[in-house]
Amino acid sequence: MGKSVVILGAQWGDEGKGKIVDLLTDRVKYVVRYQGGHNAGHTLIINGEKTVLRLIPSGILRENVTCLIGNGVVLSPAALMQEMGELESRGINVRERLLISEACPLILPYHVAMDHAREAALGKNKIGTTGRGIGPAYEDKVARRGLRVGDLFNREAFAEKLKTILDYYNFQLVNYYKAEAVDFQKTLDDVMAVADIITGMVADVTTMLDKARKNGDNILFEGAQGTMLDIDHGTYPFVTSSNTTAGGVATGAGFGPRNLDYVLGIIKAYCTRVGGGPFTTELFDEVGSEIARKGNEFGAVTGRPRRCGWFDAVAIRRAIQLNSISGFCMTKLDVLDGFDEVKICVAYKMPNGDILDYAPLAAKDWEGVEPIYETMPGWKENTFGVTDVNQLPEACRNYVKRIEEVTGVPVDILSTGPDRVETMILRDPFAA
């Protein structure tokens with residue numbers, strides 16, 4: 001029997017999902033994106049060569065894997081063409097191995113314009129979006145006015161819908177935000193220039209996945225961003241616009257929830273966050289700066305520096321609840337090499353003195369929260385590239401074990417470097 005495995009971020013994104021997806025795709029026939037858009041950069045390093053994928057599933061680098069983009073993904077034709085071009089210039093066959101749901105909402109230039117206009121208007125109170133039109137595209141989906149991949153099959157009908165929605169957006173852009181209008185004809189021409197390429201990759205993703213499951217094929221679902229950025233369960237309003245949790249697989253790919261066998265939560269050995277929003281364990285001292293430097297904590301897509309802090313078991317417990325996490329993959333363990341001590345946040349102290357074991361839901365409920373830490377001895381030895389768990393320093397192994405104890409979830413995979421070979425698989429998700 002085949003296995004269906006979800007890989008998702010259990011923190012605030014940037015946990016290293018792309019590498020782990022790539023690592024495990026030698027076991028699968030299908031890799032599926034089910035939410036988000038080209039706002040998430042998945043960085044892969046294979047034999048020293050760096051690849052950043054934003055929209056196309058990471059399995060595209062394995063020639064025997066078919067990649068699917070489910071209906072929960074918002075798709076930018078421009079971003080898709082750019083990414084396909086980058087991959088095809090390296091000899092990677094994309095068009096015959098990438099299939100797209102016709103129900104994917106389209107991201108078009110007016111979404112990007114609105115994203116930028118809103119963030120500029122918010123000033124210091126901005127959400128910290130990537131400015132790629134993700135949120136406005138999801139808004140159109142929920143408002144039932146958005147254009148979808150399936151609309152590309154009919155140019156006349158597409159043009160008519162585009163005119164109506166562009167009038168709606170341009171009125172706001174010009175009159176409220178004092179921004180420039182988006183040109184109708186250029187938008188139409190640019191999209192129609194690539195319409196045949198995109199429609200040529202359209203498939204019934206739900207039926208394909210159902211057949212694959214019944215055929216006993218292994219399927220891997222690739223999440224983007226992280227659990228604490230989920231539109232419903234994250235630190236609202238400092239969240240993304242999609243469901244980043246395991247439930248997104250059912251709604252964003254049309255795959256029944258009872259058919260999932262294993263949920264792999266990706267966690268860093270510490271925590272990072274990009275943009276605004278609560279971050280209880282954030283470090284503002286030299287330790288935080290050193291973690292950022294050693295971990296090269298800058299966004300793969302935006303280049304923005306990431307905020308860094310100690311491991312937060314309280315937030316992780318919420319992620320476990322939301323996702324039914326089967327096991328963890330801990331990445332960037334080597335970044336903690338050399339510190340005299342390492343810390344784990346095991347509880348939150350509220351301003352009224354209450355102790356919380358699970359993270360609050362809304363951002364406002366995090367105000368004044370203080371972390372309660374357990375402090376453990378650090379290790380001076382170099383763990384970069386270690387591939388045998390018994391070669392890790394005892395203090396390092398104790399740190400991993402303690403995280404397992406305070407979360408109640410085993411660490412099944414350990415990563416000690418960016419290359420796919422710099423990994424220890426203690427329990428294979430497809431054999432679990």
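Glycine is treated like the rest: Cβ placed from N, Cα and C.
Swiss-Prot has this to say about the protein:
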type     : residues                                                                                       : note
ACT_SITE : Asp14                                                                                          : active site, proton acceptor
ACT_SITE : His42                                                                                          : active site, proton donor
BINDING  : 13-19, 41-43, Arg306, 332-334, 415-417                                                         : GTP binding site
BINDING  : Asp14, Glu15, Gly16, Lys17, Asn39, Ala40, Gly41, His42, Thr130, Arg144, Gln225, Thr240, Arg304 : IMP binding site
BINDING  : Asp14, Gly41                                                                                   : Mg(2+) binding site
BINDING  : Ala300, Val301, Thr302, Gly303, Arg304, Pro305, Arg306                                         : substrate binding site
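Checking each of the binding-site residues (Gln225, Gly303, Leu333) against the residue listed as 'active site, proton acceptor', the C-alpha distance stays within 10 Å for Gln225. Pro305 (substrate binding site) falls within a strand segment according to DSSP. Of all Cβ atoms in the protein chains displayed, 26 besides its own lie within 10 Å of the Cβ of Thr416 (GTP binding site). For the pair formed by Leu333 (GTP binding site) and Arg306 (substrate binding site), distance between Cα atoms is given as 17 Å, rounded to the nearest Å. Reported as a whole number, the C-alpha separation between Asn39 (IMP binding site) and Pro305 (substrate binding site) equals 15 Å.
The DSSP secondary structure for Gly16 (GTP binding site) is coil. Classification of Gly41 (IMP binding site) by DSSP places it in coil, neither helical nor stranded.
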